[in-house]
Amino acid sequence: MQRHLISAADLTRDDAVLILDTAEEMARVADRPIKKLPTLRGRTVVNLFFEDSTRTRISFEAAEKRLSADVINFTAKGSSVSKGESLKDTAQTLEAMGVDAVVIRHGASGAPYRLATSGWIDAAVINAGDGTHQHPTQALLDAFTMRRRLIGRDAGIGQDLAGKRVTLVGDVLHSRVARSNVDLLHTLGAEVTLVAPPTLVPVGVETWPCEVSYDLDSTLPKSDAVMMLRVQRERMNAAFFPTEREYSRRYGLDGERMARMPEHAIVMHPGPMVRGMEITAEVADSDRCTVVEQVANGVSIRMAVLYLLLGGNEPAVSHARTTEEK
Amino acid sequence: MSKILIRGAKVLGGEPQDVLIDGETVAAVGQDLDAEDAEVVEAAGRVLLPGLVDLHTHLREPGREDSETVLTGTRAAASGGYTAVFAMANTFPVADTAGVVEQVWRLGREHGYCDVQPIGAVTVGLEGRKLAELGAMHESAAGVTVFSDDGKCVDDAVIMRRALEYVKAFGGVVAQHAQEPRLTEGAQMNEGVVSAELGLGGWPAVAEESIIARDVLLAEHVGSRVHICHLSTAGSVEIVRWAKSRGIDVTAEVTPHHLLLTDELVRTYNPVYKVNPPLRTERDVLALREALADGTIDIVATDHAPHPHEDKDCEWAAAAMGMVGLETALSVVQDTMVDTGLLTWAEVADRMSFAPARIGRASGHGRPVSAGEPANLTLVDTAYRGSVDPAGFASRSRNTPYEGRELPGRVTHTWLRGKATLVDGKLT
């Protein structure tokens, strides 16, 4: 494992499988009456959020607390700290406080990379989403969810996603989730297809390890998992598509479309969902939709990542579990 | 003591000759010239060029003296072998009146390292709405002939047309920063494979090419001349080539960094590589080199853009755009154009001195190295190899993309009207 987690593209297949397997161990902690491990006792983790994201922050915070880390939340959203100097200054302040890991969410693509490589700070850096670049723990939790649903909780241990067909639908252009998922799913052996109107596919996508289609209906029958991406309403004003209704007709997922998917196929969404536009309530609330599981899995994945980046040589979770089961 | 004999230099890369400077003028060029009363500069093996002329420099004064001043900028210019620089108008206040351009011009004269020829803004405050007093700037002591809203594009077709027409009255030229503003909203780097991966806002080639296409057609329509700043794409080369073949009076410049660096470097997210127009692809770089060699691109201009450390030591999106270039330009040109066999030194003299002086109407610069001409000269040790160390820069800013990179060639001497501004690599 590397010292930082900046991009899903940095993970090897074995790294990724190790994280998924470790997350499976971590998930068992959630089933205990006391959902806590001593693994990161005495370590300090800062959640450095330059951009609002309550869900991601809470997920990381839960993961950190379950590992007994000392948690500092630093919310630096807004114009007062939107200038670059502040990232450096903030980093150095945290460094001076002896922080062991920084979980950073930033509106600028590359900010976590700069933080990790500019010599401003010594701590491990975990990217919790940067601009339209990467959100690696999201991709990991998505892969974890797919492995559990498509292979099985126990059967999946040690397995990757070889041969699974995953379709990502929506605003690929602005989506760090899409970029992370394409990278990670490819590493794990899955076949990825992006489906979007041409305006929401980046120029240069042809080098990505995936297919691109503008036609959702023909893709659905060949999909084991369909991941809907969030479409921000303001994209409409920037003429990425004519109207919400037209978008919805062409790229929205409703019950009728879901019926074209294979029996076993699942519907995923990184949240928050725009019901009615990108996904109908019928689909969102169906048992094929994994949104709630994704949230729960997010905690397990983040525990695994923190543990592997910071836990180092200390006893693994499996050891703790074994002791407890005696 | 006003006589200087430069002995055995390869004038414009040709056979070794002696060049005698007397006062402000080249007195003689020939073999075995008499060294009596003259200070002798042994120049065997070195190349003597006419003093370089940069048609695109940002000196930042007035307004951002923390980045650069006329003094530090002209010292940087002298270090790089320049004897004249054209200072862009995007200062604070903007150089859109006779008062501001005269001030900048005078500071250059007073400091004496390099002639400073101010460029006037095309529109008031660079806002693109109302023509600045182009005639008054031309008639001022600064004698402005080049007008540009550089940093911003004159994107309104009517304003651009009027500017092109208006400057015909006094032989001026409009230098366009070709960037369609709507197509580059939020742009952070070249739009392509790398931007798609990095998730940085794309600056598409077509945003440059569409403006160049429009402007050459406007120049043709009104019978004026237009100059294209920092051309950066293979497509732009094609349009300029077509325009020239059609007889349109267009000239174009390329920066040293667009001849050497590609957008692959942005993968480091190091804002030292953030520049406008952005670094493009390998294919573009090769097209630009070829176009500079065949004359489609007329000149090399630095777009020397100094920024203080704190404006670059941050995350990519927050960083200022631009690179310093005066002190490394000739080395980059040697590396990319001469050592690759694309240009001779005589052609370098054309692209970096004769042609820019001609486009900017800088009288007294870009003159042949021959008797009776102003002694604006640059001596280059072309055999030198060394890595770039920004700590030694004369520029107030250090935002060079070449730190630690090995580049060939070193300017050892620069003379401005017979007065040495650089001797053995040290400023006087």
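Positions of Cβ are set from backbone N, Cα and C atoms, glycine also.
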Site-mate of A:ARG55, A:THR56, A:HIS135, A:GLN138, A:GLY271, A:PRO272 for carbamoyl phosphate in TrEMBL, selected among A:ARG28, A:ARG105, A:ARG233, A:ARG235: A:ARG105
Listed in sequence order, residues with CB under 8 A of A:THR56 (carbamoyl phosphate binding site) and six or more positions away: A:ARG105, A:ALA128, A:GLY129, A:GLN138, A:GLY298
Chain B contacts among the binding-site residues A:ARG105, A:ARG176, A:GLY271, A:PRO272 (Cβ under 8 Å): A:ARG176
Listed in sequence order, residues with CB under 8 A of A:HIS135 (carbamoyl phosphate binding site) and six or more positions away: A:ASN127, A:ALA128, A:GLY129, A:ARG176, A:VAL177, A:SER180
Cβ neighbours of A:PRO272 (carbamoyl phosphate binding site) where a neighbour is any other Cβ within 10 Å: 10
Of A:ARG55, A:GLY271, A:PRO272, i.e. the binding-site residues, those within 10 Å of A:ARG230 (L-aspartate binding site) when Cα atoms are compared: A:GLY271, A:PRO272
Pairwise Cα distance maximum in Å, carbamoyl phosphate-binding residues per record: A:ARG55, A:THR56, A:ARG105, A:HIS135, A:GLN138, A:GLY271, A:PRO272: 17
Residue counts (helix, strand, coil, in that order) that DSSP gives for the domain 'Aspartate/ornithine carbamoyltransferase carbamoyl-P binding' (A:3-147): 68 helix, 27 strand, 50 coil
Cβ within 8 Å of the mean position of the Cβ atoms of A:ARG55, A:THR56, A:ARG105, A:HIS135, A:GLN138, A:GLY271, A:PRO272: remaining residues of the chain near carbamoyl phosphate: A:SER53, A:SER59, A:ALA128, A:GLY129, A:PRO270
Least Cβ-crowded entry, counting other Cβ within 10 Å, from the binding-site residues listed as A:ARG55, A:ARG176: A:ARG55
Structural state census, the domain 'Aspartate/ornithine carbamoyltransferase Asp/Orn-binding' (A:163-309) (DSSP three-state): 64 helix, 24 strand, 59 coil
